[in-house]
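Report on the structure given below.
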Amino acid sequence: NKKNVTFLSELKVLTHYSIPLIITFLLEQIFSIVCTISVGRLGKNELGACSLASMTATITLAIFEGIATSLDTLCPQAYGAGKYNYVGIHIQRSFFFSLFLFIPFAFLWWNSRIFLLFLIPFEDDSNLIDLTVLFLRILIIGVPPYIGFENFKRFLQAQGIFEITTYILFICAPINVFLTWFLVWHSKFGLGYIGAPIATVINFWLMFILLILYIIFIDGKLCWDGFTLKAFQNWDTLLNFAIPGVIMLEAENLSYEVLTLLASYFGTAELAAQSAASTVASLTYMMPFAVGIASSTRVANFIGAKKANQSKISCKVGIVSSIFIGLLNCSILYFSRFQLASVFSKDDQVKSLITNIFPLISVIQIFDSINSVSGSILRGQGQQIKGCIINFSIYYFVAIPLSVMFAFYFDWQLIGLWLGIGIGLFLIAAIQSWFAMNVDWEMLVSKACERNELKFT
């Protein structure tokens, strides 16, 4: 685009890109929300098992999401530089590498009883572990299409095609709601607890198949030259961005899952409340996450096209937008806390715990929003290593130690757990934003040019 890029013009483009992504990510969250609500109404053990299984799955899948974040740098920059065939090769490398890597994790999921017995403190709740293992074993079947969807949607996003994932989710989300109800609650065909993970697996496959069909028959083939053995060569470029990307995401995801694990030490009711709180926080997170993806793509496209000034403007628009989105999420969560508590549980104790921690969680949304967008921009700039260091050091040397101290030493329990994480998110948001906005943009352009001039051998 030869038009001048201004703050307002970039805000319009970012809004245009972000809206379908926000809808997409919100619809994706319906899967876990419907699963949590359906299973939660079966009983406390079922809700707790669903939470623990989701914790394990989230930790594992974050590895493959982290690998895919390498594409947030490589694909948009290659596309911006006009190296269209490189985009397809980058996608294939990430996809096949992730599939190979999942094989040992599938074995661990199948035998997850071993580490669950070590982690779970309940001696009289063996049924909780049995239900958790069952959930994970079924979910194994759905991971390959999940990996495929995460990779190939970035293939389209690098080309500026953001709407298709929204259309796919508009199809799959209601199907997921129906399947979950049918497989869990139907009087004749319902399977009870196991119906929830089965419905999730079916929808993962449906989402991936529809995405591939779109690329084959409608749009997105510009960057696809077919499968190639080059996808199995020169993985060093992929790993240079994937490894810090994995650490960056895992540092964040593991910190939240540590909250779930620590909450289990307070009792089943606290674990159920933590599960509901995490689900809602994940839902509100989707808005800044979508803006972050759009900002990352724009920043990377401009860098690849050797337009440093435009990339800088796009970065500023993303950071400012994240502040307003955080304030919006804070307001929504705070004023709807009583209604949300009733949605997730019928148990009075669980509802009371949920409403008590939501005011704090609502404030944390402001910092989490800035954190999400600034982290995405760092990936678009190719600065994953900085995000990796910032996230890992603050989460594990500041946030989690504070959470443990507040929760157990001061006996603030769930409030203490979230307070520690909130302090960590404030620090991460501030530091990442500074690095994202105060960078040598010409240096980023130079590095991108060097990568895009390398030949695939």
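Keep in mind that glycine also has a Cβ here, set from the backbone N, Cα and C atoms.
Copied from TrEMBL, the annotated features are:
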TRANSMEM  21-40  transmembrane segment
TRANSMEM  52-74  transmembrane segment
TRANSMEM  95-122  transmembrane segment
TRANSMEM  128-149  transmembrane segment
TRANSMEM  161-184  transmembrane segment
TRANSMEM  190-217  transmembrane segment
TRANSMEM  238-256  transmembrane segment
TRANSMEM  276-296  transmembrane segment
TRANSMEM  317-337  transmembrane segment
TRANSMEM  357-378  transmembrane segment
TRANSMEM  390-409  transmembrane segment
TRANSMEM  415-437  transmembrane segment
Should anything in the same chain at least six residues away from the transmembrane segment (95-122) have a Cβ under 8 Å from its Cβ atoms, list it; otherwise answer none. 52, 56, 60, 63-64, 67-68, 128-129, 132-133, 136-137, 139-140, 143-144, 147-148, 151-152, 231-232, 235, 238, 242, 261, 264-265, 268
Count, for each of 52-74, 317-337, 415-437, the Cβ pairs lying under 8 Å from the transmembrane segment (238-256), and report the range with the highest count. 52-74
Are there 3 or more C-beta pairs under 8 Å linking the transmembrane segment (415-437) with the transmembrane segment (390-409), counting only pairs at least 6 apart in sequence? yes
Other than its close neighbours in sequence, what residues sit by the transmembrane segment (415-437), given a CB gap under 8 Å and a spacing of at least six beyond its ends? 255-256, 259, 262-263, 274, 277, 312, 315-316, 319, 356-357, 360-361, 363-364, 367-368, 370-371, 374-375, 377-378, 381, 383, 386-387, 390-391, 394-395, 398-408
